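A.B. asks: Handing you a structure now.
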Amino acid sequence: MSKVWVGGFLCVYGEEPSEECLALPRDTVQKELGSGNIPLPLNINHNEKATIGMVRGLFDLEHGLFCVAQIQSQTFMDIIRNIAGKSKLITAGSVIEPLPPDPEIECLSSSFPGLSLSSKVLQDENLDGKPFFHHVSVCGVGRRPGTIAIFGREISWILDRFSCISESEKRQVLEGVNVYSQGFDENLFSADLYDLLADSLDTSYIRKRFPKLQLDKQLCGLSKCTYIKASEPPVEIIVAATKVAGDQVQLTTEPGSELAVETCDVPVVHGNYDAVESATATTAMSNQNLPNTTPLLSSPPFSDCVFLPKDAFFSLLNVTTGQQPKIVPPVSVHPPVTEQYQMLPYSESAAKIAEHESNRYHSPCQAMYPYWQYSPVPQYPAALHGYRQSKTLKKRHFQSDSEDELSFPGDPEYTKKRRRHRVDNDDDKEMAREKNDLRELVDMIGMLRQEISALKHVRAQSPQRHIVPMETLPTIEEKGAASPKPSILNASLAPETVNRSLAGQNESTDLLKLNKKLFVDALNKMDS
């Protein structure tokens, strides 16, 4: 079985990390590389029980600190081989044609696309005698910019993926790598499937993982021909029925680029309801003559629908609605009939109209209007309506001060009910509401005064005069000074490990203690 190599940058000199402690100056790297602190162990996500190989070389290149390592654990490779055989994503193969099919390399690239360097903290002066570089890890995503791991069978193939590495630097790396594999102790890899599953679960909850991998890939100048599927999520392709009548989306896009859309005009189709069938037949025949087009998406066999672009649909709809004849209702010779009044024969209606309105309106013309109807009922007199409304406003209604409290005959509150005018204006309602709120506030203040006076009386009878407040919790600075800082810095991202339930309990406990302290201070001030 051929060897498995991994290469990538552990830091990029031209990019500043998000945290100041992750900064790794170039002079420090050159100084530590001269000390000969190589080889280093290669593990998974800084887990010393999951050591899978050794680092074969660290190189100070113009772009950054480059690392070449070899995976030597056969136990770990057996696990990767079994996972790759059951993964549907890896079984489907690579979308990019130049890449040779290699399930093991694809599984490693998808699971551990990041590199992380564990080094000594620069500000720590107590670790002068210990080596600066501790180990290198493959992880889900690195904390430093540009830390992408490229897996492959040959070192030269890995170096060709990086466009930021010059030809002279590639020769330098190939000459400096220790290709002679030494013996590897399989006992160094004591992790099991549960450890790998827990690691993948933690990696899936890292925020902004995919954007970080895409940015790292751009910083390293990686070519498109890589096995890293985490940084290139598949794009859902939605292709229209035809290229002439719709939109077409490109199959693949570069990271950060916009989807290219090609549109064209839709010819106007003349006809009535047969226009849909003719347009569909025309576009289907035109697709056969178009070269280099994306194959059409066939409609499901159980569906009778036809895929039609939006522009073609609206154009056909406009043509169809424009050619339909407009139906104009015929003009009636007779005047409109009011449905709310009953039509009567000529003899009855003429007699009633003549009885009430013959002197004012005279008799109607029988030749023009062959039927008769009642005249409309006169409207309700506005003056009478205004009089009744003003009379209603003068009424007074009994209303208690509180709707929640009930009173019965014989109670003292029953005879003290106030009479208030009925309020119809919004401003008056708002003023009444504010008065009620103010009255409730005054009552609450009076109750608080009574309780405070009762507490004073109780405390005056007790032998202890003052209450000793509880001890306050330590501040953030005191906690930082009490807890020791780690001496080894691991540059791999991990999800937040704060227990939210415990944090909520601590916050509620702190708030309760703070309220007790404020209440005790207020009582002491009132006594003094």
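Quick reminder: no glycine exception, Cβ is built from N, Cα and C everywhere.
As listed in Swiss-Prot for this protein:
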type	residues	note
ACT_SITE	H46	active site, charge relay system
ACT_SITE	S116	active site, charge relay system
ACT_SITE	H135	active site, charge relay system
REGION	270-288	region 'Interaction with pAP'
REGION	394-431	region 'Disordered'
MOTIF	416-422	motif 'Nuclear localization signal'
REGION	508-528	region 'Interaction with major capsid protein'
A.B. asks: Using a 10 Å radius around its CB, how many other CB atoms surround H46 (active site, charge relay system)?
C.D. replies: 18
A.B. asks: Between H135 (active site, charge relay system) and H46 (active site, charge relay system), how many Å separate their Cα atoms?
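C.D. replies: Distance (Cα to Cα, whole Å): 8 Å.
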A.B. asks: Give me the Cα-Cα distance between H46 (active site, charge relay system) and S116 (active site, charge relay system), rounded to a whole Å.
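C.D. replies: Given the Cα positions, H46 (active site, charge relay system) is 8 Å from S116 (active site, charge relay system).
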A.B. asks: If you draw a 10 Å sphere around the Cβ of H135 (active site, charge relay system), how many other Cβ atoms fall inside it, taking every protein chain shown into account?
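C.D. replies: So the Cβ neighbour count for H135 (active site, charge relay system) comes to 19.
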A.B. asks: According to DSSP, which of helix, strand or coil covers H46 (active site, charge relay system)?
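C.D. replies: The three-state answer is coil.
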A.B. asks: Looking only at Cβ atoms, how many others are within 10 Å of the one on S116 (active site, charge relay system)?
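C.D. replies: The answer is 27.
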A.B. asks: Would you list the DSSP helix, strand and coil counts for the residues of the region 'Interaction with major capsid protein' (508-528)?
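C.D. replies: For that range the per-state counts are 20 helix, 0 strand, 1 coil.
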A.B. asks: Per DSSP, to which secondary structure element type does S116 (active site, charge relay system) belong, with helix, strand and coil as the options?
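C.D. replies: Looking at the DSSP assignment, S116 (active site, charge relay system) belongs to a strand.
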A.B. asks: Tell me, what is the mean pLDDT of the region 'Interaction with major capsid protein' (508-528)?
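C.D. replies: 74, rounded to a whole number.
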